[in-house]
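Chemist: Take a look at this one; I'll ask things after.
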Amino acid sequence: MSSSSVYISAPPPLVWVAATVVSSTPSSATVTVISPHPASTVLDDSDSTATLLQTYAAGTTHTVSLASYPNSSLPLRNSSDDGSLLVLPDLISLPHLHEPGILANLSSRHAASQPYTACGDIVLAVNPYQWLPDLYSADVKAAVNHERVFASPSAPPPATPSPPHIYATSAQAYADLLRSGAHQSILVSGESGAGKTETVKLLMSHLAEIGLPPAASSEMSPVVRRVLDSNPLLEAFGNAKTSRNDNSSRFGKYTQLQFAPPAPGGGTIELVGSKCEAYLLEKSRVAGAAEGERVYHVFYQLLAAPEEVKGGVWEELKGLSGGDFAYVGEEGVGAIIEGETDAAKFERTVAALDTLGVGEEARRDLLRGICTVMQFGNVSFAAVDDGSAVSAPAALASLASLLGVPAAPLEKALTHRTVVARSDKYEVPLTMDAAGEGRDAFAKELYQRLFLWLVATINSATSAPEPPRSAPKLGVIGLLDIFGFESFKTNRFEQLCINWCNEKLQQKFTVDVFRSVVQE
């Protein structure tokens with residue numbers, strides 16, 4: 001092992017450090033660090049991190065026990081002939097495929113503004129947290145489209161293939177649908193904050209453009225425009241600021257992009273519609289967010305709307321802000337999300353509703369529903385004898401007005417539960433805590449039904465009609481955008497479902513990688 005370039009483990013946040021073996025015994029090795037950590041420029045500037053970087057600075061010597069490494073052997077570094085780090089666009093091509101080798105390759109490409117790395121047919125994306133315009137230019141799209149879609153299948157592969165890109169994934173799915181007619185699916189997964197939502201938007205936009213003539217790529221049809229405009233609308237009602245991500249999807253989304261069959265004699269296929277299936281909406285966020293986070297964007301957008309607009313939705317909303325609603329609070333009010341204020345986002349949300357054909361009355365009812373959800377949180381309870389009573393009658397009156405019901409039966413419904421035993425009914429008073437839990441459950445369910453109504457409305461506006469039985473069927477490319485792995489201070493059943501789903505998807509990813517390696 002002497003003079004070999006290897007990796008040694010180090011405390012977080014370094015994790016792995018490249019080094020050269022000076023000497024070794026069956027149980028230990030003495031190494032000299034040959035380079036600083038590739039991600040040292042983006043690590044925090046705390047005293048502990050500075051001390052760690054100094055401890056593992058280039059030229060420092062360390063003696064490590066081999067017992068803590070697999071097979072009592074240090075992982076070998078992927079090195080070029082000149083001794084520098086070997087960085088490749090496809091992980092499968094690396095001589096040594098292990099954790100430190102993968103991380104070093106991804107980190108080096110990320111530092112060079114190359115966030116995409118291939119792993120066989122799978123593309124790994126490391127979020128650059130900035131827009132890289134040259135990476136998504138028209139020339140890049142044209143090169144990928146030519147290589148994956150428009151080049152003859154019998155043509156020899158290009159001498160210099162295009163670098164890894166998500167456009168290669170969308171173009172390949174399009175080409176396979178065009179040539180075989182078999183439905184395709186693209187799965188986007190990763191931890192929270194990895195950039196899944198932005199990736200799906202880029203994939204959708206690219207798939208919408210591939211089949212268009214060059215002159216028409218900037219003039220999309222109304223159907224395609226509605227498909228793309230559905231994204232900011234779903235983000236307003238289904239996304240929120242979390243500790244990891246300013247625009248985190250708080251629901252799972254499976255979007256089926258529908259393509260017309262190719263014309264006789266070949267050609268391209270054109271996007272004619274879409275259908276969205278939503279699941280696992282994080283209802284618990286409706287009743288309040290953790291410290292440093294926000295509830296759903298639409299709450300803040302509505303509160304940031306012009307006063308006359310707020311008054312048109314609900315007269316009592318005029319002059320109110322997040323601090324006037326217990327579910328919302330002042331924290332997060334005025335935040336800038338993706339470079340835009342909540343007021344600007346509200347205008348985009350309204351414009352998207354207009355594009356999808358949601359009329360003024362339906363839009364008003366939808367926004368009044370949001371007001372109703374927020375107002376539920378203002379209804380408080382006090383203990384009374386063996387039960388409870390509403391301690392905020394003004395808030396109850398406002399809620400009753402929004403719901404269009406009298407205040408008295410509403411209070412009874414919130415403070416009592418009905419027990420049915422055979423033919424008898426009993427009204428059992430709820431404790432103060434139980435009444436509060438019931439209030440929150442009602443608000444969560446109401447918001448979920450508003451959200452599902454919105455999804456159904458989007459589908460009715462964007463879904464293509466089914467062709468006659470005798471006609472060719474529509475082709476489908478599915479895009480799955482799922483929650484990322486999550487671990488909060490307080491984890492609920494939702495986190496269990498999310499992480500279980502991700503574990504299953506991770507298993508599929510692993511199987512696909514091994515299959516690609518075997519095929520290579």
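Positions of Cβ are set from backbone N, Cα and C atoms, glycine also.
Below are the features I grabbed from TrEMBL:
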- GLY190, GLU191, SER192, GLY193, ALA194, GLY195, LYS196, THR197: ATP binding site (BINDING)
- 86-520: domain 'Myosin motor' (DOMAIN)
Chemist: Looking at Cβ-Cβ distances, which residues of the chain lie under 8 angstroms from GLU191 (ATP binding site) while being 6 or more apart from it?
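Modeler: ARG244, GLY484, PHE485, GLU486 - these are the non-local Cβ neighbours of GLU191 (ATP binding site), listed in sequence order.
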Chemist: In the same chain, outside GLY190, GLU191, SER192, GLY193, ALA194, GLY195, LYS196, THR197, whose C-beta lies within 8 angstroms of the Cβ mean position for the ATP site?
Modeler: ASN127, ARG244, ASN245, SER248, GLY484
Chemist: For GLY193 (ATP binding site), which residues in the same chain are close in space, meaning a Cβ under 8 Å from its Cβ, but six or more apart along the sequence?
Modeler: ASN127, THR242, ARG244, ASN245, SER248, GLY484
Chemist: Within the domain 'Myosin motor' (86-520), what mean pLDDT does the predicted structure show?
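Modeler: Summing pLDDT over the domain 'Myosin motor' (86-520) and dividing by its length gives 89.
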